[in-house]
Structures are given as C-alpha cells and as structure tokens.
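Trainee: Feature table excerpt (TrEMBL):
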type	residues	note
TRANSMEM	251-273	transmembrane segment
TRANSMEM	320-346	transmembrane segment
DOMAIN	619-784	domain 'SSD'
TRANSMEM	620-641	transmembrane segment
TRANSMEM	653-676	transmembrane segment
TRANSMEM	682-705	transmembrane segment
TRANSMEM	726-747	transmembrane segment
TRANSMEM	824-846	transmembrane segment
TRANSMEM	1109-1130	transmembrane segment
TRANSMEM	1137-1156	transmembrane segment
TRANSMEM	1162-1187	transmembrane segment
TRANSMEM	1208-1227	transmembrane segment
TRANSMEM	1239-1259	transmembrane segment
Amino acid sequence: MTMGQHCIWYGQCGTNSLGKITNCYYNGTAKLLTNETALKSLEIACGMMYKGPNSTYTCCAPDQIATIANQFGMAKLMLGRCPSCYYNFRSLFCGMTCSADQSRFISIIETGNSTLYPGRTTVEAINYTIANDFGERILNSCRDVLYPGGNQHSLDTMCGRPYDQCTKESFMKYLGEDNPQVPFPIHILFSNETTEENNYYNQTTFLCNEPIISTYENKTACSCLDCPKSCNPLPPDVPDKKFQIFNIDGWLVIAIIVIIIFLISFFLTIFIISKFRKSRINQYRFTEVMTLIEDLPTQQKSVGCVVNIRKRTERFFERIFFRLGLFCTQHPYIVLIIGLIIITILSCGLIKFKVTTDPVQLWSAKTSMARQQKEYFDKHFRPFYRTTQLIIVPDNQSFITHYYLSPPAPLSEYTLGPAFEIGFLSRVFDLQTEILSLTAELSETNQTVSLSDICFKPLEPDNENCTVFSLLQYYQNSKENLYKHIGDDFFTYFDYATHFMACSQAPTLTRDNPLGLSCFGDFGGTINPFMILGNYTDATYANATAIVITIVIENSNDPEKIQLAEAWEKVFLDYMKNFTETQKLLRESGNWNETVNFTVYYSAERSIQDELNRQSRSDILTIVISYTVMFLYVTLTLGHIRSWRTCLIDLKISVGFIGVLFVLLSVMSSIGFYSYCGVAGTLIIFEVIPFLVLAVGVDNIFIIVQHFEKAKEEYYQSSDIRLATTISRVGPSILLTATSESIAFLLGSLTPMPAVQIFSLYAFMAVFIDFLLQITCFVSILAIDARRQDSDRPDLCCCFQMKNFNNTIKQKSKGILQKMFKNIITPIILGNSIIRAIIFSIFISLTCLSLSLIHRIPIGLDQKLSMPKDSYVLDYFYGLENYLSVGPPVYFIVNQDAIDYKHINEQDLLCGTSGCSSMSLLGQIGQALRQPKHYYLAQPPSSWLDDYFDWLQSTNDPPCCRIHNQTKEFCPATLNNTLCINCPINFLENQRPSENDFQHYINFFLHDNPGEKCPKGGHAAYKDAVQLINNNYVKSSYFMGFHSVLKTSEDFIGAMKSANDIAKNISKTILNNQSKNFHDSNQLQDYPVFPYSVFYVFYDQYLTIWHNLIVNLSISFGAVFLVTFILLGFDIHTSFLILLCVFMIVIDMFGVMYLWHIELNAISVVNIVMSVGIAVEFCAHIARYFAVSQGTNRLHRAKIALSEMGSSVFSGITLTKIGGVVVLAFAKSQLFQVFYFRMYLSLVVIGALHGLVFLPVLLSYCGPQSLISIDDTRQERRTSTAVDITSDGIENSLQTS
C-alpha cells in the first residue's frame, strides 16, 4: 500500500433514517483480518481480496464482510449462472468495501451521525472512481445473462433499462444510485488517467467465455445462453434456394419447353406423317337401327384374343344386367319392399349417429406426432389452459410525457405510449373489475359459477387469486395503487409511470421503493411486459399503443368442469357483445362523452366453436336451396315430351323425385351403417357427400331414362323387355363408374387424416348403396312409370286416364339436348381437324402449366375464412395480427424416464448454466434464439433445473433452502424461526448437489413461493413443469419458451417444423451421450425431447399433407385404372385413357387452386379426393361407349359417343351441378364461398370440358379398337331370342314368350 493511502471506513455504525445500514468513518490504515468466520466468508465472497489467513489486510470489519456476503446472495441468484459475470460484479463491490487502499479511488461526499455509536461519524454518500474499461468489461460479461424464471435477462432488472440498451454509465448508475437495495448513494465515476498514481480502481476481469482460474476460485466459462461468445459459430445464413432458370420459375420454364416440344411433335405427326399412312377402316356389321351418322358397308373381321375377351366380358355383363333388369321390371313391388326394408334398417342407425366436432379429432391423426405430443402433455402435466383475452386500444393514440424531479426520480421525464394514459387505464380497470366479477347460472345443477371457481391459481392454497395477465397487475389490480404517487406541491417524484418503468425492466422486483409496490401480480406470478402490452417497437415497452388482458382458466378432461368453464365464458361473451354494441350505438349517435373511448377485441376459448356452429346454422338455408335447385332441375327435365297434348303423360316428375330421393336415402343409409359401426361422422358429410352422390347418381338417372326413351324407337314385345334391354346396355357403364368411385373412396380412407378418412368411408358406402338402389329400385319405379305412360295416365295423377294418344302422336327421335349435341356441338368439336388439333393442344398445354404451378399452392387455412363475415372473432383476429407482441408458448418436454435427473452428466444434457454442455437442451435452444428468422423463437425458455441449482446455492440471509431442525420440514424464507437451519447440502463439481440431495430437496423447491427474500422459489413458475413421483423422483418435465409472433399459416407451420428440428437435434445429442441409436420415427417414445404448443395439433396435418394427398390420389388413380381395366374386359387402352383424363382434371384443379388463391388444407383435400370420383363420371360413360361402338374409324366412333352420351353427361352432371353451385356463392360463410363454391364450380366446368370436349378429341386420335360382335343367325333361329346389333354395339336380347 502506497504511503498516504488509507481506509475511509471500517465497521458498521447502525442504520440511518431510511433504515439502511451505514459504515463507520475511519481514516486509518487497513487492519489485519483475523476472525476465522470472516476470513472464510471473505474467501468465498471476495476471493480477489483474500491473501491468506495471516496476510489479509482490509478496510472492512467482520460485520461488513457478513453484510456484503449476504447482499451478494441476491446478486448470485441473478448473475450466478455466469461465473465470470458474477466474479467481475463482486470485484466491483469487494474492492469498494474491503480494498486496503480505498482512499485512492473513493472520496466521501456526505457524512452523518451514528445511531448505534453516539459521537461517531457515518459515511452517507461516496464517489467511487473506476477505470473506464473496467466498467465496460463488467457490463460485457454480464449483458446476456438470463433470468430463466422471468423469461428475461438479468440486466433488465439490474440496469434499469432493457439489457440490449444498457450502457456502462446506466449500469453503474443503477447499481450505485437507483437500485432500491443500495445502502447509500454510490456515485460511480469513470477515469481514463494513465498517471502513476492511478486514482481509480481496476481489477482483473474475465470474459464471459473464459473460465475463472485464480488462487481461491475455479469455475467454468458461462454457457451459450448467457454468453454468445461461448456459442458455436452460427451456420451461414443461406437463403432458401428457389429453382429458377433465367430468373424465372424453373418449373414454369420446363413446362413451356415441354409444351413447345410436344406441340411441334404433335403437329408434325398429325399434318405431315399422317399423310403417308393409310387410314384404317374399322369394319363391322350393323342393322339399320344402329346407323347414327350414315350407312356404312360391313364385312367380317378376324377377332383377336384381347378383343374376344372384351367381347365375352361385355356379353357376360349384358346377360347379368338383362336378367336383373327383367326381374326388377316384372316384380317391381317386391324389389321396392325389399329395398325399403334394407334402407329402413340402415337408416335406423341414425339413432346412434354422433358428430365429431372436436377439431383435434378431425384434423389430427391419432398416430401423428402432434397428437401424441398433446396427449402426453395432457396426461403428464395438465391440459393447456383455456384463455379468455381482451385487446384494448385507446381511441386517442397520442404519446404522453411525464415530468419528474430527478433526483430522487431516476429520470426527469418519461414519454409513454397511448396505453399509459391514466384516464384510459382507469376505465380499463373498471371494465376489468366488472368482467372478473361476472357469474353464470348453471340451470342443470342450480349452481352459480364465478371466475374463482374455474380459474387457474398457481399458488393455491397459499394464494386464492386468479391468474390474470394485465398491466393493472403491476398495481395488484388496485385503483388505489394505480393512483399512488410521491411528491410535493410542485413536483412528482414517483407514480404509476415510474413504477411501470421499474417493473417492465424488472418484472421480478418484489418492492419498488419508495412507492412500496411489488411488480408481482396479485396471484403471485411474474407479469412479463411482452404478454400485457401490444404494438410496441424494439422491446421499448413504454411505446405500447394497446394493452392485452388474458384471463387464464383451468382446462380439464372432465366434462363437468368444462361445462362450468363454458358457462362462465358464455356470460363473458354476452357481456362483451352487449358492451361493444352499446359503445357502437353511442358512437353512431354522437354521444362521445358517454363512450369509454377505446376499442375492445375479445375472445374466449369457446368463441371459435360457437361461431362455427352459428355459421353452420346460417348456411343451412343456402345448402337447402342449393340442393333444391338441383332437385327441381332433375325432376323437371327427365321427361321426354312428345307434344303439348301429351305433356302431362310424358312428364317424369315423380320418377325424378324418387330418383333424387334414392340419392338422399343412400346418404342416410351410409350414415346409419357407420353409426352402427361406431364411426362418428363430421359436418363435412352433410356439406359434401350429398353433393357428391347427386353428381355421381343423377347422371346415372339421366342415362337410364334417356336410353329407355331412345329404345322406344325400336320394337319390343313389352315395356318390361325394353327396360331390361336398356339396363343391359347402360348397366355395365354404370357399374364401371360406380365401382371405380366406390373403391377409390374406400382406398382413400387409408389416409391418416381423420376428416378425409371419415369422408372417404361415408362416400364409399353412399355411392355403393346409391348404385344398388338405381340398378334395382329405380328400375322398378321406371317400370311402373312406363306402364302408367303406356296407359296414358298423367304424372302425379295416375288415377285418371287421358285420351289415347299412343297411335296419334309420333315418338320424337331425339330430345333437344341430343339434337344439339349431334347437330351443333359434335360438328364443332370433331368436325374440323384443325380445331381438333387446337383443342388437344390447349388442354395438354393447360395441364402442363397447371403442373408447373402445383408447388406454388399455399398450404394452410386462413383462420379468418372459417368465421362468418359479421363475427366478432374476425375483429379479434385483426387485433391479434396488429397488436399482439408475442407468439404462443412452446414447451420442450423431456420424455418420461429419458433422463436420470439426479446424475450430473445427465443434468449437463439439459441445463443452461455454467458447466452445462454447449449442446444441452437449453444450449441448443440458445443457439436457435440467435436465429429467430429460422426458428421462430422470441424468448429464452424458463429453466426449472437452473433455477433449482440457484435456489440450492443461494447465500441470502436467510437462504432459500432451510429445514426445521426437529421436524425436517421445509422452512420458507419468509418464516422467522430460530429452529430453521440451512439445508445440509453436499455440493459436488460446479456446485451441483449430490444425488440424494437433488432428490431430497426438489419437492421443497417446487412448493416454495417466490418472494423478496427468495425470488427463485419454484411454486409459481414450475409447479406444473415437473412431474414428481413420490415427491422425489422426476419422471418428466418441460422447459417453456415463447414463439415469435405468428400471423400466417406459413408462420405457424414454420414454427412447428423448426421446434421439431430443434427437439430432434437435442434427442440425438442425448441418445449419443447415452450410447444409444437415434430413430427418426413416428413414435413419441423414440424421442427423449419433443416440442409441444397448443396449435401444433391443428397444423401437424400440413407437414405431411402433400405426401398424404399424393398417396391418396395415387391409390385412387390405381383403383380407377384397375376397376376399369377389369370391367372393360381387360381393355388396358380405354382404361389408360380414362385414367389420363381423370388425372388431367385433378391437375387442372390444382392450377385453379393456385390462380383462385385456394389453400391446400383438409377441406380442399376432401374436395380433390371427391373430384376423382366425379371426374370418372365425366369420362367413363363416353369412353366406354366409344369402346363398344362401331364406326369407320376412331373419329367416326368419337362422334357417335359424343352424340349419344354427351347429352346425358351434360344434363346429368353439368347442368344439375351448375344451378346448385351458383347458389353457394351467396353463402354467408367465407369458407363455403372459397372451398365449396370456387372448387365445385371449377370441378364442374373442368370436368365437363374434359369429358365433353377433350376426351372425344383424344379418342379420335388414339382411342381403342372397336369391339366386334359376331352375328350368329343360326343360334338366333334356333332360340326364341332375337339379337340386334345396335348403335352402341351391345347385344339386345329380346325375350320372347
């Protein structure tokens, strides 16, 4: 020690007028420290001052050493996770308190008189000069240290401003002057002098990534979470590479190239090469009846093996359907009675029908990871809370400046955002008070439900207040505290604004002096400012323009508890609806003085489901009108009117009505069948399946009726024979489409997505039953109607018989649509080779372009579309997007028994404090936090393990961990009992507890309420985070953080994917450390760590939606091809063309989805799967008719197929659906408008264009060879069956008596 340098104090002189301990003034040299206890304490607390038992001279007495050691206890809780920071921090105050040459860098600026030792002088204020870079080094080592329990950085509390805005000046000013715990003003000054005297304090410091290696202290470096320098280098930020060619979407360029190559090849083939090839003439025999275009010569052609198989298959199905049709026509009432009995039995299953409305069960497969994660979380911890939330925005968006006298106020002025205007806060307080006092009456149990009955109480039974996150919680929900202030007649020193600034920087502050208010909520929990404020910038909470109130309600798997919660939520929603409507009326009437002058966006847990139900009810009328339009069209257009005089006879309203009724009965039977099987239905069944079955079934009705009417041109012995013959002709075609669709839907149920699975099952059964009804009961109805018509009885009034017109009115050969298709549409499409080539080129080009757009289709579901346009939830969504400043919580869960927590090497795989692995759970999350754009994480996770270590290591007076000396029960820090002693903890390396101690005290930690003396108590923050078995064994636990603000489906999906990626990497690290192999499977038990957030279960479908859809479509395509191949007599050619056309329809649907901004989600997937079935209807009838018809060449046969079947397909599917679809455009539901109107309209238009325009052109170019039927006249003469070869090449057996 240089001559002239001395102490400024030694020993303590009692307390001053503020109750703070003061030091006694001393102007002598440092004294040798001999007290063994003090020496030990000095060695632990200020090792840099300790020189050994006989060489330690200090300016601090044993009582001062005890005080500073105790004061370091709180600092250790805040900074102890980072040893170098804590060491540097202690150096600052150890040097000030105990350095032997204090007078060199400390000067006294204020003294006082001792209350303990009269006549002695006390030191009341000092100037403490330190080296400029010493302060900077301390700050840099401590800047990033976390305080896990509060999801914040420690410097947020210890600097008086956000950690990233902290400077060495503000840091030292807060520590020495603004800190409420400081015993007297310590004005810390900085010096850059380089003179020999060095009149400033300087000390060796350690960087945060350096281990502490000194004579009396050895500690590891700080972890990555607390020190970015300790983190591994971040991977280079490589932007997502987009496949581009010449800065244009690569897939689009490839599509254009393919189109150009194809068109060149196609036109060369059509117009050049074809000139050098001889046209082939398909030779056949026919009767005059089948001549549709012109008379053609016939000659016999050899029949190949494949054609023979096709012919035999056709004959087989003809015979089967002829016999079936004949039975149904000859015994109609028996068939109808049997059908009615079966339908009745199946429909009775509706009694057991249950609807699944839980979105989790609808959109998430039971085996999906997200579903397993949710079920694990609910089982091992508790179901995620129900939240009731209000976002309140003041009308006046002006910023407010508050002026103070500084000192004592920290600053002379504060500028605060609109959310902090005192009048606004007072009105919000009134609203919040009224909401919290709401009660609901439960009539079923005659029970009154208050919020206290259902809310979450983290400190129960010690604290019975409900968890409400609100700005007003900084004032403990007390208006008296809100208006509390300290000042004089001229100046304000402290008020609600200064208290907010203190709490926003230190949410765990237990006492904000001199106001004497705590920053903890009245329920005992921490109030993080990012959860209660909205629309602030750059973590400057004071700029907030809105406040957020979140009421946390207990969730449960108990239906009775859910009923209580829903009852209170309904009362809340009714109250808020009335409140907002009242405010709206006051504004519209101009009574602004009576309004609250703020806007409220609100929602409860039940809100979305309530609005979905309301929307479903409001759209019932739209759906009914849609189906009514389709029904009326079918019933009024089935008839084939010969003349106005026979109008009433030729009408088929009753047939049409019953035909549509069979469609609806098939849907009822399908629902009843699966109700018997215990398969719950969904609302999609009522919205989609009737539409599907009408599309699939109505065209069959038109085909049967129109072919039956056409058969009247031929001679038959009776109408029964004519109808049976009609069924033999069209039955195989109907069987083909129905079987293809049914099997496609049945195989589609293999998808893991429950909603699509249920839809596929119900659709399969409905289509199958509808086919059976049409081929049996409808035939019987048509037979009865034919007899009515033959006896000249009017439709709907069959009891009366009209004048006999059968002999006077000639049968019209064609209907209007049939004539239009034969004389107008067919010549336009197929009459000119150039037009055919252009049509073919356009369709192929559009399909290629649609293929190139598929990857651009957005995935997800804009949640705003699911709400009615007038819903308050839409306003709430607006509030979320514009004012919410933090995303949903994310939990990183350690799987049961994956970690043995009591072992230090296992702890190192999880913890984030010093000594932990850089690749630990918290270490890897820390790395991810440094890349927010990639990992969507906003806040560091809370760590019960790190806080447990700090809790055990606390050196406060009293320490956090104490036990009763006699009962061995836990003593909280607030308990003053001389029988409470420090926990006898055996610390091992890195201050970790022994295995027995870890298990012994964990239950005490989880039941210790946080408070001023021990803020690290784990009851409030971690009671539910740790699953304890027998109060000592940790079976499972979680570490909670927060996602960044998520606004779009892309954000939610990206956040979920990134969290899963982080968890997988952590799992790999843990398993590698345990010498186990990692399996990237779909089983939760294979992952030691996995993430969970409440929205994952809804967005999990999108991770595999493309894979599931492609698999589903592939199966459906395969089923269509296989069925058509078999039922067409192994005609691979026609089967491939049908499949190609169906494929193109589906691909073009994808193109429309991109162009019309339709997202890919479960609803659109259902529609795409459904489009396969309807596409088969558009294509299969015409393709099969082409395959079995005869003509001179492919073009001729294509004309025949389009002329004869086009009108049935057009009237049966296209016109029927257009009317119904257009009605959907007027639905109130945006969901209906986007996913039903747009997609259904697109499907009908695209399907009709492909089936009626492209397919005939395709068949004219590359259709299959004609089926040759051999006319065996000898067999015809020997039997009583006459066989005619008709226009569609099908045998017609006319049964003679």
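Cβ coordinates come from backbone N, Cα and C, glycine included.
Curation does not apply to TrEMBL; its annotations are automatic.
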Trainee: Which of 251-273, 320-346, 726-747, 1162-1187 has the most Cβ pairs closer than 8 Å to the transmembrane segment (1208-1227)?
Mentor: 1162-1187
Trainee: By Cβ distance under 8 Å, which residues at least 6 away from the ends of the transmembrane segment (320-346) in the same chain are close to it?
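Mentor: Same-chain contacts beyond the flanks: 665, 668-670, 672-673, 676, 719-721, 723-728, 731-732, 735, 769, 773, 775-777, 779-781, 783-784, 1293, 1295.
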Trainee: Determine whether the transmembrane segment (824-846) and the transmembrane segment (251-273) share at least three Cβ pairs under 8 Å, counting only pairs 6 or more apart in sequence.
Mentor: yes
Trainee: Please determine whether the transmembrane segment (1137-1156) and the transmembrane segment (653-676) are in contact (criterion: at least three Cβ-Cβ distances under 8 Å, sequence separation 6 or more).
Mentor: no
Trainee: Count the CB pairs under 8 A between the transmembrane segment (1109-1130) and each of 251-273, 620-641, 726-747, 1162-1187, 1239-1259, then give me the winner.
Mentor: 726-747
Trainee: Verify whether three or more Cβ pairs under 8 angstroms connect the transmembrane segment (620-641) with the transmembrane segment (653-676), leaving out any pair fewer than 6 apart in sequence.
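Mentor: With 3 or more qualifying Cβ pairs, these stretches touch.
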Trainee: Let me spell it out: take the transmembrane segment (1162-1187), skip the flanking residues so only those 6+ beyond its ends count, and list any with a Cβ under 8 Å from a Cβ in it.
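Mentor: Result: 310, 362-363, 684, 688, 692, 695-696, 699, 703, 732-733, 736-737, 740-741, 744-745, 748, 753, 755-756, 759-760, 763, 767, 861, 1101, 1105, 1108-1109, 1112-1113, 1116-1117, 1120, 1124, 1128, 1131, 1134, 1137-1138, 1141-1142, 1145-1146, 1149-1150, 1153, 1197-1198, 1200-1202, 1204-1206, 1208-1209, 1213, 1231, 1235-1236, 1239-1240, 1243, 1247-1248, 1250-1252, 1255-1256, 1259, 1263-1264, 1266-1267, 1288.
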